[in-house]
Amino acid sequence: MRIGLGYDVHKLVEDRPLIIGGVTIPHDKGLLGHSDADVLVHAIMDALLGAAALGDIGKHFPDSDKNFKNISSLLLLSKVKDLINKEGYKIVNIDCTIIAQKPKMLYHIDAMKKNICKCLKLDNNMLNIKATTEEGLGFTGKEEGISANAICLLD
C-alpha cells in the first residue's frame, strides 16, 4: 500500500474557461495555465504519481512542451493511470478538496466525479470530491485563484 499527496493552484484570469474535474463551469473568469489548468485533475495526477514514486506532472508533462498547450487534463490523467498501472499499482481510493470562494462547486461535483471515475475506470465509491471556501481569507478567499488537494491510496 502506498499513499500519495497532490496539490495544485492556478490564478483566476479573464478570457479563459473555468474547467475543474473536466467540467466547464460558468464563471466570469477561468484558470491560467499551459494546459486547461484543471486544478483538481492536476492535484489527483500528482497524488497518483507521488504514491508510485514517479515524480510529478511537471516531469511528465512540462509546460515548455507545446504538445500540452491547452490539452484536456483528463487526457493527461489517462496517461498517468497507464503509468501507474504499468508499475503494477491499482487505485484503492482518492479523496480531494477544491478550495474556491466562487463559484459554488456543489452543483458540479457529481459531473466531476463521473468524468474522473470514467477516465480512471473507478467505481463511484472509490473517489470523493469535496469543496470549501477560505471564508474570504488568502488568495482563494480573495478570488485570485483556486486550489485543490488530493490524497490517494495505491495497492
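The backbone N, Cα and C atoms fix where each Cβ goes, glycine too.
The 4-CDP-2-C-methyl-D-erythritol 2-phosphate binding site feature in Swiss-Prot is assigned to 8-10, 34-35, 56-58, 61-65, 100-106, 132-135, F139, K142. Marked as divalent metal cation binding site by Swiss-Prot on the basis of sequence analysis: D8, H10, H42. What Swiss-Prot records for H34, T133 is site 'Transition state stabilizer', and it gives sequence analysis as the kind of evidence.
What Swiss-Prot annotates, mapped onto the structure for a quick look.
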| residue | record | DSSP class |
| --- | --- | --- |
| D8 | 4-CDP-2-C-methyl-D-erythritol 2-phosphate binding site | strand |
| H34 | site 'Transition state stabilizer' | coil |
| H42 | divalent metal cation binding site | helix |
| F61 | 4-CDP-2-C-methyl-D-erythritol 2-phosphate binding site | coil |
| P103 | 4-CDP-2-C-methyl-D-erythritol 2-phosphate binding site | coil |
| T132 | 4-CDP-2-C-methyl-D-erythritol 2-phosphate binding site | strand |
| F139 | 4-CDP-2-C-methyl-D-erythritol 2-phosphate binding site | helix |
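The two recorded residues, T132 (4-CDP-2-C-methyl-D-erythritol 2-phosphate binding site) and H10 (divalent metal cation binding site), have Cα atoms 16 Å apart. Taking a C-beta cut-off of under 8 angstroms and a sequence separation of 6 or more, F139 (4-CDP-2-C-methyl-D-erythritol 2-phosphate binding site) has the following same-chain neighbours: V9, G145. Put simply, D8 is the one of the binding-site residues D8, S35, H42, F61, D65 whose Cα lies nearest to the Cα of T133 (site 'Transition state stabilizer'). Take the Cα of D65 (4-CDP-2-C-methyl-D-erythritol 2-phosphate binding site) and measure to each of the recorded positions H10, H34, H42: the nearest one is H34. Take the CB of T132 (4-CDP-2-C-methyl-D-erythritol 2-phosphate binding site) and look out to 10 A: across all protein chains shown you find 12 other CB atoms.
Within 8 Å of the centroid of the Cβ atoms of D8, H10, H42, where the record puts divalent metal cation, the same chain has further Cβ atoms from V9, L31, G33, A37, D38, V39, L40, V41, A43, S147, A148.
Non-local neighbourhood of F61 (4-CDP-2-C-methyl-D-erythritol 2-phosphate binding site): S35, F68, I71, L76, K79, each in the same chain, at least six residues away, with C-beta under 8 Å from its C-beta.
Highest Cβ count within 10 Å among the recorded positions H34, H42: H42.
The most densely surrounded of the binding-site residues D8, D65 is D8 (count of other Cβ atoms within 10 A of its Cβ). Fewest Cβ neighbours within 10 Å among the recorded positions S35, T133: this applies to T133. The Cβ neighbour count for H10 (divalent metal cation binding site), using a 10 Å radius over every protein chain in view, is 22.
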